[in-house]
Each structure stands twice: as structure tokens, then as C-alpha cells.
């Protein structure tokens, strides 16, 4: 059984094979979600003992299904995470006699889920990736040389926005939490640098010239002064 990797019909055949796993007679309170060869088992119960019992039943069915289809699962690559509950210690989950490690956060299809569903670690992760992408863009975004503005804007949209807004529909409502907001605001400085470069490229400004700004409180000052004046409702032009 199984499907040869790299073959044209491989993905379709694998979907047909794995679909059978999703229809196994799991006990009440157990749901399964699968994407490609990653399977997530969701267990809902009111006590640690009940979680352990339901998990054992579900994993037993999955292991039997795997043996029947000549497929092996890797307990060492698997993990378990307890969401919400206030248990003094996490449940002990075993798969084929091997204990599955317990984690405080897990990545599912690029979305970092933590045990409190705060999405703070996800915000930190995408913030770091967005900042790195900004660094790559800024190295080719000087006003007097480098790629043209349309190309630079395309790179900017493809790197920053896609990274920062990935799966936003799942976590955007939590963006006002202090820990999430703090992580997201760390990308603001990088955004400011690339935004300046984009505008310089668009308007043909000089890379070495100081940027003037018009403030709501009147007067002009340098870009550095404008940074300090932001607390006084400074709006850069």
C-alpha cells in the first residue's frame, strides 16, 4: 500500500487512502483533521483520565488502520497539547507503547497554536519573519539604484503582506491583546524603513537627502526629528 512520491496520480491516490482514516469509528468527543500526510486528532473531555482514555482508543484505531494499510506512524515526530483546561499536569498520551511528548505550542499548516489560544507566539513568529523579509527588500531599495519601484512594490507585497496576513482570519480578533500587539508592533520600524524606500523610489528622491516632514503642530524638521515628535501627533508628508 501507500503512494509513490513524485508520481502524477500520487496526491489523488493518497487522498483516497487517507480519507478512509477520517471515517474510522472514533468514540464520541474525538475528531480528526488531515492535510497531506499530517493528521491532527482532537479530543474533548472534562478530565485528564477521560482524555487519556479517549486518546488511547483513537490512537489504537489509527495504528490498526496503519498496519492494515502497511503504513507506519512516528510517535517521535508527534506531539500533544492541552488547550484551555486547568490540569495540574498534562495527560500522558501513548502511541504503540511510546509516550508522545507534550508541548505548549504546535504549528498546524503554518499557524502557531498555543495552549491558551492567544496566538501570541504566532504573532511573534510572523513578526520575525516579516522583519527578515524587510531586511532583504531594503538591501535592494535605495532611491538612486536597485530595482524599479513597480518591481520593488511587488516584492514588498509578496514578502511582507503575505507573511503578516497569513491565516489572519483565525487570529485577527486577538490582535488587540497586549502580547500579540507588542509582537506585531515590532515590525513597525522595519515597515517604516521600507515604506520610506518605496516612496523615495516612487518620487525619485535622493538616497542621501534628509526627508522633511510637515507636522500638525506646524513647522518643518528632519526625518529624525519627526521620529521623536510622533508623540506630539506628528504626521509625516
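Note that Cβ sites are derived from N, Cα and C of the backbone, with glycine treated the same way.
Listed features, source TrEMBL:
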- 1-113: domain 'Reverse transcriptase' (DOMAIN)
- 200-237: region 'Disordered' (REGION)
- 208-217: compositional bias 'Low complexity' (COMPBIAS)
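Over the domain 'Reverse transcriptase' (1-113) the predicted model carries a mean pLDDT of 89. DSSP assignment over the domain 'Reverse transcriptase' (1-113) gives 37 helix, 27 strand, 49 coil.
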